[in-house]
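> Quick one: the structure is below, and I'll ask about it shortly.
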Amino acid sequence: MDFPREFDVIVVGGGHAGTEAALAAARAGAQTLLLTHNIETLGQMSCNPSIGGIGKGHLVKEVDALGGAMAIATDEAGIQFRILNSSKGPAVRATRVQADRVLYRNAMRARLENQPNLWLFQQAVDDLMVQGDQVVGAVTQIGLRFRARTVVLTAGTFLNGLIHVGLQNYSGGRAGDPPANSLGQRLKELQLPQGRLKTGTPPRIDGRSINYSVLEEQPGDLDPVPVFSFLGKASMHPRQLPCWITHTNARTHEIIRGGLDRSPMYSGVIEGVGPRYCPSIEDKIHRFADKASHQVFLEPEGLNTHEIYPNGVSTSLPFDVQYELIHSLPGLENAHILRPGYAIEYDYFDPRALKSTLETKAISGLFFAGQINGTTGYEEAAAQGLLAGANAALQAQGKEPWVPRRDEAYLGVLVDDLVTRGVTEPYRMFTSRAEYRLSLREDNADLRLTEIGRRLGLVDDVRWDAFSRKRDAVAQEVERLKSTWVNPRVLPAHAAEALLGKAIEREYSLSDLLKRPNVSYEALMQARTDEGELLAGPGVLEDDVLAEQVETQVKYAGYIARQQDEVQKHLSHEQQPIPADIDYDAVTSLSFEVRQKLKTHRPETIGQAARVSGVTPAAISLLLIHLKRLHYGSRKQAA
């Protein structure tokens, strides 16, 4: 039967991409339906119980700045918070959180159930309704037809999912869940370009059987305690727990090598390529044969369970080999395994067949987000989900889409990399992928994106008010530092030497003094004149987050200004559109190879064309000349 109500947006799948897509579409004002095979697993953390990390934390902050739920749910569920690279520059500092799986899932479900314009329905989707080249809805496994103007597909690892433990395998979307084989077959019929990838997970351990006395404890950060969301507070956090560290050894490596003949990866059973930056333990032993030991992080899965996630020993080896390798690790000699590790192989679709909005080029109104696009990680999925959900809603409402630029957001880097370069292995975000990472910091994600989110309808009044207060306070303080001047009479030699290491010889603004590498905002604000008055005067920021933002903006102002100059130079051609119907064969000045690559990738802009592998700067110059001729010819005809 046809469901009696029509929707603007249908989201298929309730993982990290699907939940953010549904929430974003609903926040943008679209009547949204989230279809999931199991409402109980909405927001499920299928693999590791952590969120964030280098590059990944930046994406979570951006999702949060755009009104998304991942960061605030993590603040409510996080049982250990750390800032990675805390001793390095602000561009590469990143938040990483251990999360209680149940608390996180509950936090996400509460937001989904209380989001206006959003309906949930429990049914697996077996088919898409397509008329011509336009998607018009989805069909569930009981034949129920839901109609919508747009559909966002976030199928994760469920499309023709195949789980491997040793040489045995069975169909599944993840352990305990069925695969989406019918939907996978339907997508093949639509002739969208696809491939196979794989990912894996380690065996889980009963913490009561671990000897913690021989392990290294890894506590979270306590002073200050980090928060993930710009609206987060440390008081939201539940009870905190430590992680523990052990190491593999020669015996572990010997056990693994002895089992490689029964490994599905090394016996050719698995065809899909695994993630380079999250390799299985057998892959580590094979690729880094000269390394005597590898770290294994024992991460708690939650406050009300003894289950431990041994991060670093993801494996698809037979269970008897898993059993031996776990018991070879110090502290785990008597460990009880609760669940076996496994690898899962699944279909993904070449993201070069997507527009930068994450809409498929072949089927209007159909958007893809998450692992279906060849990415790995909760954070990458959530970011894509938010963008796809927002753009699906905008399209359903007849509005212009939003495409973040590479200089605007890590989300822009992620999407641009996917749609121009494609993937040959699961894609993971790193800060090194961003050319403009000094401007794309965790701490300024809201200053970069919240105004855009407000314009798109993604940011509510509470977030907007908090952001506006922060933005204005930071701007006022930066301006105050620029306009407040001190001279040798006001800052005598002994005070200057204490603050700066030497006396000042002329007049300086407070901003000039703060730019010096050994001067902090806090020290500058505490400096006093001979009369005992505060050098900085009234108006000092007491909020540490705001003070850090001011210090970063002032200290890096010169570098950021130079980077912005670079951005402006690139933007003139970066955003120049290429006609969708361009005939590359008519651009005879281009080599045959370049013409073939451009015909295959069909880039939407000059910037995208420049990032296609094998397309040289000289070829871009020739393409620009051709586009100018086309433009001149069309103007001449119009006249």
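Any Cβ shown, glycine's included, is placed from N, Cα and C.
In case it helps, Swiss-Prot gives these features for our protein:
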BINDING   GLY13, GLY14, GLY15, HIS16, ALA17, GLY18  FAD binding site
BINDING   274-288  NAD(+) binding site
> Name, in the order they occur in the sequence, the residues of the same chain whose CB lies under 8 A from the CB of LYS284 (NAD(+) binding site) and which sit 6 or more residues away.
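Spatial neighbours, sequence-distant, of LYS284 (NAD(+) binding site): LYS291, HIS294.
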> List the other residues in this chain whose Cβ sits within 8 Å of the Cβ centroid of the FAD site residues GLY13, GLY14, GLY15, HIS16, ALA17, GLY18, in sequence order.
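Near the FAD site, the remaining chain residues are VAL11, THR19, GLU20, ALA21, THR36, GLY43, THR154, GLY156, GLY370, ALA381, GLY385.
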> How big is the Cα-to-Cα gap, in Å, between GLY13 (FAD binding site) and GLY274 (NAD(+) binding site)?
22
> Within a 10 Å radius around the Cβ, which one of these binding-site residues has the most neighbouring Cβ atoms: GLY18, PHE288?
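The most densely surrounded of these binding-site residues is GLY18.
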> Over all shown protein chains, what is the count of other CB atoms within 10 A of the CB belonging to GLU282 (NAD(+) binding site)?
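So the Cβ neighbour count for GLU282 (NAD(+) binding site) comes to 26.
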> Just to verify a number: CA distance, CYS278 (NAD(+) binding site) to HIS16 (FAD binding site), in angstrom, no decimals.
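That comes out at 19 Å between the alpha carbons.
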> Given GLU282 (NAD(+) binding site) and HIS16 (FAD binding site), what distance in Å do their CA atoms have, once rounded to a whole number?
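Cα-Cα, rounded: 28 Å.
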> Between HIS16 (FAD binding site) and HIS286 (NAD(+) binding site), find the distance joining the two CA atoms and give it rounded to the nearest Å.
32
> List only the single closest residue to GLY18 (FAD binding site), chosen from the binding-site residues GLY274, ARG276, SER280, PHE288 by CA-CA distance.
GLY274
> From the Cα of ALA17 (FAD binding site) across to the Cα of SER280 (NAD(+) binding site), what is the distance in angstrom?
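With distance taken Cα to Cα, ALA17 (FAD binding site) is 24 Å from SER280 (NAD(+) binding site).
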> Test of understanding: give the count of other CB atoms lying within 10 angstroms of the CB of GLY15 (FAD binding site).
30
